[in-house]
Every structure is written in C-alpha cells, then in structure tokens.
Amino acid sequence: MNSPLRGIWLWLPLLLTWLTPEVSSSWWYMGATGGSSRVMCDNVPGLVSSQRQLCHRHPDVMRAIGLGVTEWTSECQYQFRQHRWNCNTLDRDHSLFGRVLLRSSRESAFVYAISSAGVVFAVTRACSQGEVKSCSCDPKKMGSGKDSKGVFDWGGCSDNIDYGIKFARAFVDAKERKGKDARALMNLHNNRAGRKSVKRFLKQECKCHGVSGSCSLRTCWLAMADFRKTGDYLWRKYNGAIQVVMNQDGTGFTVANERFKKPTKNDLVYFENSPDYCIRDRETGSLGTAGRVCNLTSRGMDSCEVMCCGRGYDTSHVTRMIKCGCKFHWCCAVRCQDCLEALDVHTCKAPKNADWKSPT
C-alpha cells in the first residue's frame, strides 16, 4: 500500500471516533429516577425503542437494574479511588458521568464493561430471590452431578446466570447495535467482556448430609461470587486494556501497535489515550484533582506528587473519633472505648490559573 493511502487508514479510526455522535448509555440514569417502573421507563431520556419496550414489558427486571446501578457505580468508585479520575458521578446528568466518557478511552472501556456486568449480576440475583416473574433458579441444574469429590445432587437454587446474560445483552446492547460507527463497536466489545466476567466467578457451593457430618450425601448449587471479584478482575483488564484501530472494512479491530497481542473477547479495548485529569476541563469533562485527598507517604497513583500533578498540597490537622481499647467479654461481646485520634490530611492545591473553576 502506498504511503498516502496508508496515512488515510491510520487516521480513519480517529476520524470515525471524532465523528461519532455523543454516545452514552442513558439507561445508567435509571438508578436516579426512582418511582414506579412506568415512571422509570418514561422518564429516562435516550432509551431506544427496544429498550423502552423491554422496560414496559419487564418492570420487575427494570427495578433490579435500577437498584444495581448503585452497586456497580460504587464498585467503579472503589476501583478508581486512588486515581485522578475516580469514577465520580454527576447529579442531574442523564449520562451519569458527563462528557468524560465521550472520549473512547480506557476509562470508558471500564465503565461500559462494569455496567454491563452489573446488569447481569443484578438481574441474576433478582431471579434467585424470586423477584422476577419471567425467571427463577437455573432449571438446568437438576438431578445428579459429579465433581472431584464424587457424586452429588443438584439442589437449592442455582443462580440463573444465563438468563441474566441474555437479558443484559438484549437491553444494554440495543442502543449500540443501532450504530455502525467505531465507538458503537468498541462499546459492544466491552459490554460483552463485562457480561462474561460475571460468569467467570460462578462457583459451586455444597451442603453435606449424613450422620455426624459425614458428608455421605451432598447437595450442591451454583452461586455468583461477590461483585468485588468481578470488579477486581475488570480492574486488571483495565490496566491491561489494548489500544485498537478499526480494520479496513470497518467490521472489527486490529491492534494499534503491532507489538501487542490481538485482543480476546475477555479484553477491554479503547481507541484514544486518556487525558491527564489534572485540571477541570469543560471539553473533556474532567473535574480535576483540586481538593482531592492524597497520600504523602505513597509512591503510587494516590501519592501527593502524582494526584496533585506537581501543584503541591495543603495540610490540615483534624481529629476523629475511633474505637480503641477493645476487649472480648465472655460470652459473647466485644466492648470498646471511644478515643480521639489526631491526624494530618493532605489535599491537592488548585491550579494558579483562575480558569480552572469553569463549570464542566
């Protein structure tokens, strides 16, 4: 291929990304609407027709998804707690995260993956708890099975994760399937990676039956692990996310750097490098790090040097109430005293340029 054409193909992915309309998963706002399912379905802007139909047809599932938004956003904030961008959400913003996720960055890849995983987790859990009419426990886990410890009987309530994945795919992917641009393909890939991550941590739990706990008989079921497992796994995928470009026919990806491996279905992918998130920026949606607490003794991302972007920090002396002198009393209580602890809190200085306060 001659060099001018090669240059066009190198720039095409960026052009596709820049020309992509403002994309956001508006269903993320479902956690903030509250009220009945009809209120939720009619008041979340930006849902496509098939999403709104599913919303009206399955109000019990929508309640579970709405409650699940709090869980996966909290997990996102936990994973990013020591980073300049800390997965902060914006009140009264229908996109939940503002403009920051319009960039096809690693952060966007993570949020799309963990939100998709959050839907799988919330819907599957609601099924097992009998809160959804259209599903229940996994109907395939019946009869007997065999593992390394021998034969067992399927019993209890195995989490119906296949239903959760199927519903998440139909609902979450609906808006992206209508698009043919690069960002839609990126979102679909990361959505799928998120769904798959929940099933990865499905574990078998068993209960023993028999004389004196001999475990001559076992009843087993499949259960999802705590959502933190999924969050930790996707965090590792975020740190190993692969930068990609569109292939020449616009149907898939290829690695931006030939030295890196081709992404698998489990990997997160992104197009654009992230901003540094140091200062408040209306264009990128960054809220900056002014006022963020930093760790004076750390050498990691939460260190005052890194978190404050070299601007320095302020130190305040504060006291807080803690439990101390705890003692175990027979039987069966732990009694503690209330003590005041004095400590220094370090917070990042604001940029000297007054323009940093411009609203996002």
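Cβ from N, Cα, C; glycine included.
Of the cysteines listed (CYS294, CYS324), Swiss-Prot assigns CYS294 as the disulfide partner of CYS304. Checking the candidates CYS308, CYS339, CYS348 against Swiss-Prot, the cysteine paired with CYS324 through a disulfide bond is CYS339. The record in Swiss-Prot lists a disulphide bond between CYS220 and one of CYS157, CYS206, CYS278, namely CYS206. The disulfide-bonded residues in question are CYS135, CYS137, CYS304, CYS308, CYS336, and the one with the fewest Cβ neighbours inside 10 Å is CYS336. For CYS294 (disulfide bond), the number of other Cβ atoms no farther than 10 Å from its own Cβ, over all displayed protein chains, is 20. In sequence order, CYS304, CYS309 are the disulfide-bonded residues from CYS135, CYS220, CYS304, CYS309 with a C-alpha within 10 Å of the C-alpha of CYS348 (disulfide bond). Classification of CYS157 (disulfide bond) by DSSP places it in coil, neither helical nor stranded. Residue with the densest Cβ environment among the disulfide-bonded residues CYS76, CYS309: CYS76, by other Cβ atoms within 10 Å.
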